[in-house]
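Peer 1: Please find one structure pasted underneath; my questions will follow.
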Amino acid sequence: MAEETTIPIGPQHPSLKEPANFELTVEGEQITGAELSISYNHRGIEQAVRSKSYLENIYLLERICGICSHSHTTAFVRGVEQLLGLSVPDRARYVRTLVAELERLHSHLLWLGVAGHEIGFDTLWQYAWRDREAVMDSLEELTGNRVHYSINTIGGVREDIDTETIDAIRDRMAELSDRIDFYLETVPAERTVQLRCEDVGVVSKQRAQELCAVGPTARASGVQGDVRKDEPYAAYDEVDFEVITAEDGDLLARLQVRIEELAESVAIIEQVLADLPEGELKASQKPPQALLAGIESGDVLSRYEAPRGELTHFIRSDGSDTPERVHVRVPTLANWPTVVEALKGSYIADTPIVVAGIDPCISCTSRIGVAVAEDEATLADATDSGVVGVDESGTDDDPGGYTLDDLREYGIEWYEGGDTR
Amino acid sequence: MSLAVELGQSLFYVLVFPGFAFLFGYALVAEYADRKLYARLQNRVGPPAVQPFADFLKLLSKESIVPEDAEGTIFEAAPIVALAGVLTPILYVPIWSVEAVFAFQGDLIVVLFLLTIPSFALIFGGWHSRNAFGQVGTVRTLTQLFGYEIPFFLACLAPAVAAGTWSVSGIASFVGTRPLYIPVFAIGFAVALLSLQAKLERIPFDVPEAETELVTGPLVEYSGRKLALFRLTKDVELVVGAALLSALFLGGPYPAGAIADVGSTAGAVIGFGVFLVKTLAIVFVLTVLRAVLARLRIEQLVSVFYLWLVPLALIQLAVVGVVGTTEVIP
Amino acid sequence: MRLPGKLVPEALKTLGKDSATIRYPEQSRSMPDRFRGRVAFDPDGCTGCGMCERHCAADAIVVEADGSEISWRYDESACMFCGQCGESCPTDVITMSEEYDLASSDPASFETTHTFER
């Protein structure tokens, strides 16, 4: 079976819970080449953002992702606060850090479960998700919702934390800490897990840097990079924590890094709860519409370390209470190239776990950057690689850009020609 | 005894006990035990007792589709052949007494052969479904088959060699009357358990079904009645496999004979109770095994069987040879 | 040799524990105080200022004033339960209730309308 065949994985495939497509070139069971197409699930959020006020956009952007919802709101409100020149009160910064770390805990535990499921280890999946419930309960008590916490608002946070909740979270963290120790001891040491993860999906440090990987994926390849340390936001400059890295760059290293990050998150939460400063929750008591009336026009780029890696929000304000442009670059987009890299040389059976290894949020990625193509062919290339988008704001001063109407027409043509492809 | 009575008795054996009706019921009980225990190991509530039966009925009432591209006859015959293949061997395995309902010299070979039929039925059915996932799964089933059958046969050979007979009933009574032999067969028992797990395509050896890779592999195009039969086949195979291992390695219905006369009604009842305990214990071990491991890749699976289990099974045969010649166990 | 089965002691220990899951819907869990369920509206005290409508990102609330008569409409199928309406309300007549099992096959049941004098 030495001849090469092409196997399509996705956009509908049992191991992918969201749509993405991999064209795998295989020799027998071994993958020799991989190509990736994404953006099957474009939701038009960036366009919708332009018709809503900054305040409403917090809730809209929160819904980009059901797992890192706090990441998106924090990144966005930080940008808006920068435009407004607001300084967030200490207590609000601490509460934001608390929710952010709880979110990281729940995201990593979720991933641990998913990774277990992908390698047929359903008991690990059930245990990880059971333990995750402690985090979800904490989030729900603190913010009022399990998934979309909606705790951020412009200039601060909406809900305070009382001593009862602090005690409840402390107790849960103590229990969770034991569980994390248990996972650290057993999961990477379990022989069948090693068989499936060791030397699988390897991305070297050099390749991780070249491909601009972010988050735990990059850190598992030995790349030091964490926005919480590099450009501290919220209360991260006041808490003590370590950036976890590993050298091997395989799935086992990613497993290790994520489990150790769980322990770091618990440590951060304990510090935040111990050092929580008293004070206001919001920078200004003015109603939001009055606050937003004073927004300056300008551009701002907000960076945030989401559980999956660096998340950026670019916000352009024209001085009105609706943003002129918000562009979101989610960490999964940065990590996709490493998947293509890691798939080469792997077995077909490893595809689910290699794809799951970066903890992809496939539909969150489906909004993609700005490609200003000179001609049809370049745009077609860009579409194939998923890097295409709308550059509406730039159309006037850049005639090479595609307007929304151009793209719509192009899209119709592309799909109509789809039968002959 | 007249021919009519004898025929009636045989029909009863085949259709009611220990044949179809009993196996059907006990297979569902075993599935329930397996699922409930699996859920409890994972800290879940688990299904209610009637769930396996409810699932079976539900599947029976659903539309049973034959894909347009499939070879209709083979595709449709496969589940029936598979079920028939696993229902038959129970007649040669002792359940409540020393003797199975039908026993002859060499029935072990027949039982082992019949137990491979569901795998082949799955291969034919899956391949002729013409589904890509089904065909990849089929190739894996076939590869896996060559992996586990050899250690399974070698492991089952050990008690046969020790007992000097090819009859399951003969082996059961040999091991049952000499319980000291049970620890001697420990290695073979372990090999047989792992091979049975692979035969049943359960984690860590569920490579052909691999839900997250191949949906359910060969079964992917099966629906309704035919899927129900295949699922029932797996349950019956679990029970029959457990019964066979219990007879070969744990002495079947013994020590019932020590408490009451084997031929009497009380002896039969106790023997049947022992059978239930032993088979459920084997199901328990297989379920725990399924809960605590991750799925292997196909080439890892094959190397586990060839590099570890085949040599272990050979060591077992050597141990049996040494024990037999030195006559340390009377 | 590294043998598999690191989870066996934990799995057997788990057998003795109570289930982590419950039989929903026969049993259900209690919601924390801050839980944001269906929007509850009390027309007493509403001034019809329309702040809830203005700040609703999902456009689930529509406030219309016809002379001294105010009509307050809420569509729970559009609502995304962020709670901003309650926060923006100057007279605190909007609160988030604990109701969460809102599924229904009757679309009309999602609409709530309150009509009252200012």
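Placed from the backbone N, Cα and C atoms, the Cβ positions cover glycine too.
Annotation comment: TrEMBL describes A:E46, A:V328 as Mg(2+) binding site. According to TrEMBL, the feature Ni(2+) binding site maps to A:C65, A:C68, A:C361. As annotated by TrEMBL, Fe cation binding site applies to A:C68, A:C364. Among the features that TrEMBL reports, domain 'NADH-quinone oxidoreductase subunit D' is placed at A:119-367.
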Peer 1: With the cut-off set at 10 Å between Cβ atoms, which of these binding-site residues ends up with the most neighbours? Options: A:C68, A:V328.
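Peer 2: For the binding-site residues A:C68, A:V328, the Cβ with the most other Cβ atoms within 10 Å is A:C68.
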Peer 1: Work out how many Å separate A:C65 (Ni(2+) binding site) and A:E46 (Mg(2+) binding site) at their Cα atoms, rounded off.
Peer 2: 13
Peer 1: Looking at the binding-site residues listed here (A:E46, A:V328, A:C364), whose Cα lies nearest to that of A:C68 (Ni(2+) binding site)?
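Peer 2: Closest by Cα distance to A:C68 (Ni(2+) binding site) among the binding-site residues A:E46, A:V328, A:C364: A:C364.
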Peer 1: Within the domain 'NADH-quinone oxidoreductase subunit D' (A:119-367) only, compute the mean pLDDT.
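Peer 2: That region's mean pLDDT is 89.
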Peer 1: Could you state the CA-to-CA distance between A:C361 (Ni(2+) binding site) and A:E46 (Mg(2+) binding site) to the nearest Å?
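Peer 2: Computed Cα spacing between A:C361 (Ni(2+) binding site) and A:E46 (Mg(2+) binding site) is 17 Å.
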Peer 1: Taking the Cβ of A:E46 (Mg(2+) binding site) as centre, how many other Cβ atoms lie within 10 Å?
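Peer 2: The answer is 20 other Cβ atoms.
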Peer 1: Would you kindly give the Cα-Cα distance separating A:C364 (Fe cation binding site) and A:E46 (Mg(2+) binding site), rounded to the nearest Å?
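Peer 2: Spelling it out, the Cα of A:E46 (Mg(2+) binding site) and the Cα of A:C364 (Fe cation binding site) are 12 Å apart.
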Peer 1: About how far apart, in whole Å, are the alpha carbons (Cα) of A:C364 (Fe cation binding site) and A:V328 (Mg(2+) binding site)?
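Peer 2: That comes out at 9 Å between the alpha carbons.
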Peer 1: Helix, strand or coil for A:C361 (Ni(2+) binding site)? Use DSSP.
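Peer 2: It is coil.
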Peer 1: Count the other Cβ atoms sitting within 10 Å of the Cβ of A:C361 (Ni(2+) binding site), across every protein chain shown.
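Peer 2: Step by step: centre on the Cβ of A:C361 (Ni(2+) binding site), count other Cβ atoms within 10 Å, giving 23.
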Peer 1: Other than its own, how many Cβ atoms are within 10 Å of the Cβ belonging to A:C364 (Fe cation binding site)?
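Peer 2: A 10 Å sphere around the Cβ of A:C364 (Fe cation binding site) contains 25 other Cβ atoms.
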Peer 1: From the centroid of the CB atoms of A:C65, A:C68, A:C361, the recorded Ni(2+) site, which same-chain residues not already listed sit within 8 A by their CB, in sequence order?
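Peer 2: Apart from the listed residues, the neighbours are A:I64, A:G66, A:I67, A:S69, A:S71, A:H72, A:S107, A:A306, A:P307, A:R308, A:V330, A:T332, A:C364.
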Peer 1: Tell me the coarse DSSP state (helix, strand, coil) of A:E46 (Mg(2+) binding site).
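Peer 2: It is helical.
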